[in-house]
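Here is the structure we will look at.
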């Protein structure tokens, strides 16, 4: 093959050469410095389409390929995402009747101040389809081309006569490389692709202000009402004349009565703590710049590892709640905590992977990687859950602020709007509204192959989500107690957790209005992924609502005088 600049024929694209650097960087996110004439590793990624969402290996099509194809995915996250990054001679593209057989590479670099080093900040490729002509007989790379010749400084600048794809006809592939100094700084190299617009900021700020205003109003009304109730109850206790108890104080002997399915409630609260810790720490890492959406493999790997190590707090939380419910089989509840929710996700993921294997997609996770996931689960996460559970059971039991009567009190007939089904569905609307606009941009970045970088704003949305789940769930729980219904344990979890139902419904709406996926396997892939996301969101928001109500009820019943 002929090239326009033989001196650079070994040059290939950025991010493969690792050099010594000062300071600390996570693998895969450190900047790479280059000197003049340093080799660049040009690599190819997978082939994908927004209509199928199934990536395939670049060399699944008959492109020119090196003698040995090497997959150089840098981390576990890239493997799980199906990010096949392979070596190449050069890139090529294939269309219906003509083929791009010449590529002009433009590498933009930014010099490092006070050094002779430079950093690659942009990379552009212009394809051409050219019918090459050469003098004399074919001599491989030594052949002199009339249409592309480095000796005569003839470059390909147009494709007036494209190269046809014909049977048994020879095609000559060429490329040229040029370097250009740029003012783009290393930290700003992804700004061109970031999914940030003025409409994004306006929509999110508008939604957050409305949610904060509504949540603040709810909190103010609730605090004023509670203050009046507690003052009235305490004044009645100080009077000599005994008056009949009313409202939420009337059920003080039943409010801490054990709920049904205590084991399952403990498991879901503990798993919610694990998801909460994973989201919180990941967002903090992203804000600090330790992970970035420009390298989504690192982001996925970070989330996975954080989830594994959060098993320590999950086990501790489960054990503390289980012991308060007077449970004694701590090993049994710990095994349930470590197996149930991860097992559900793993089964869905395994079925997904089987479908991808059948389609021969590069997104299919190899068995070796699947084995690594199992090792992370049973080798690290499960032991950490047991360690957290052990220390949780070592702590003293949390004592209820009031005594529980032996005989359950009958619950009076409830008004229609306090029906559990209705109140639970109402409770999920406001938390879902808090994340609605940001959810749109996140889905767009995932399914339409765009970059998401506003992690600082996402952290603010996460804080608002916490406040919204807590305040709205407490408000509905207060109405429930005033109606003398003391079955609040599961309802507090399901009230805010129902926001996951709206999330899945919106994901379905997004699928039919924004995406163009038609392949059956791709449709199954989309909805199974969104089912996993909705399941995690259910445990996250449900745990926030439960913990808020748990704190609220213990606070109000410890604030009044009860005989």
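Note that Cβ sites are derived from N, Cα and C of the backbone, with glycine treated the same way.
Bear in mind that TrEMBL entries carry predicted annotations, made automatically and left uncurated.
The model shown is predicted, which means the values in this text are computed figures rather than measured ones.
Feature annotation from TrEMBL assigns signal peptide to 1-21.
Residues or ranges marked as transmembrane segment in TrEMBL: 201-223 (among others).
Sequence-distant contacts of the transmembrane segment (265-291), counting only residues of its own chain at least 6 positions beyond either end whose CB sits under 8 Å from a CB of the stretch, comprise 26, 29, 259, 298-299, 302-303, 306-307, 310-311, 313-315, 317-318, 321-322, 325, 327, 333, 336-337, 340-341, 455-456, 458-459, 462, 489-490, 493, 536, 539-540, 542-544, 546-547. For 265-291 (among others), the entry in TrEMBL reads transmembrane segment.
As annotated by TrEMBL, transmembrane segment applies to 297-316 (among others).
Marked as transmembrane segment by TrEMBL: 337-355 (among others).
The transmembrane segment annotation in TrEMBL covers 367-393 (among others).
The annotation transmembrane segment is assigned in TrEMBL to 421-449 (among others).
According to TrEMBL, the transmembrane segment annotation covers 455-481 (among others).
What TrEMBL lists as transmembrane segment is 493-512 (among others). Within the chain, the transmembrane segment (493-512) has long-range Cβ neighbours (under 8 A, six or more residues past its boundaries) at 265, 268-269, 423-425, 427-429, 431-432, 435-436, 439-440, 443, 469, 472-473, 476-477, 523, 526-527, 530-531, 533-535, 537-539, 541-546.
The transmembrane segment annotation in TrEMBL covers 524-553 (among others). Long-range Cβ contacts of the transmembrane segment (524-553) within its own chain (Cβ-Cβ under 8 Å, at least 6 residues beyond either end) map to 53-54, 255-256, 268-269, 271-273, 275-276, 279, 341, 344-345, 348-349, 351-352, 355-356, 427-428, 431, 447, 465-466, 469-474, 477-478, 481, 488-489, 492-497, 499-501, 503-504, 507-508, 511, 515, 517.
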Chain residues outside the transmembrane segment (455-481) and at least six past its termini with a C-beta under 8 angstroms from it: 201, 204, 208, 211-212, 215, 218-219, 222, 225-226, 247-248, 251, 255, 279-280, 283-284, 286-287, 293, 418, 423, 426-427, 430-431, 433-435, 438, 488, 491-492, 495-496, 499, 541, 544-549, 552-553
